[in-house]
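Student: Copying in the features that TrEMBL gives for the protein in this structure:
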type   : residues : note
DOMAIN : 1-53     : domain 'Cystatin LXN-type'
DOMAIN : 73-177   : domain 'Cystatin LXN-type'
Amino acid sequence: IPGSGHKYYLHFTTEDYKSGENAGSCLATVLYPRTKSPPVVNIKCMHTKDQKQIQEEDNRLYQKLRHQTKPIIGNNIPDSYGNIEPALEPVWALAVAGSSYIMWEKSTETVGYFMAQVRSARQWIRKDDFIEFDYTVLLHETPTQEIISCHMRLTWLSGHPLKVKHFCASENQGLEDGSGMESGSAAGILHERGANF
């Protein structure tokens, strides 16, 4: 589009994260602006999986994490052999969802990202209904093959979008960039803790 950037039209299928089953198909348009802003995405999906079932699965995950009396702490997920302890699978799943906000914000027409590993994860036990985790995630940048380390604070209330706050630094450089809060329509305030943020 003259003066605006390149626009792409996509048709793709999605799959269930856990089972690998077909979860539906989507049509999307993606506009990469000439400025350094994130792509503008419009997407419509037809789900093959029942939405009520998806919400029930999300709620089961939420309830499991919400009722922890001792915080979940994990490192190197997956391990060097590609294994994830079953107890840490929910932590990994949330990290995948949360890091997608970072990858969306940082991606350009020529540079993309994949989450390679959760270097560390720590749950904060809260008095309200939100679930909160601090993560350090490693993103694999393509085509440069560089590994980018990002600190991510994630909060979630069942039935609402995730809230993600992050900053990223290259392993070979200092602070690369930072962001404000990514938040869909979720209510509530992100509580800051300690000197990490």
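The backbone N, Cα and C atoms fix where each Cβ goes, glycine too.
Fair warning: this is a prediction, and the values are worked out from it, not measured in the lab.
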Student: Could you tell me the mean pLDDT the prediction assigns to the domain 'Cystatin LXN-type' (73-177)?
Tutor: 89
Student: I'd like the per-state residue tally for the domain 'Cystatin LXN-type' (73-177) from DSSP, helix first, then strand, then coil.
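Tutor: Going by DSSP assignments, the domain 'Cystatin LXN-type' (73-177) contains 21 helix, 51 strand, 33 coil.
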Student: Within the domain 'Cystatin LXN-type' (1-53), how many residues are helix, strand or coil going by DSSP?
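Tutor: So the counts come to 3 helix, 31 strand, 19 coil.
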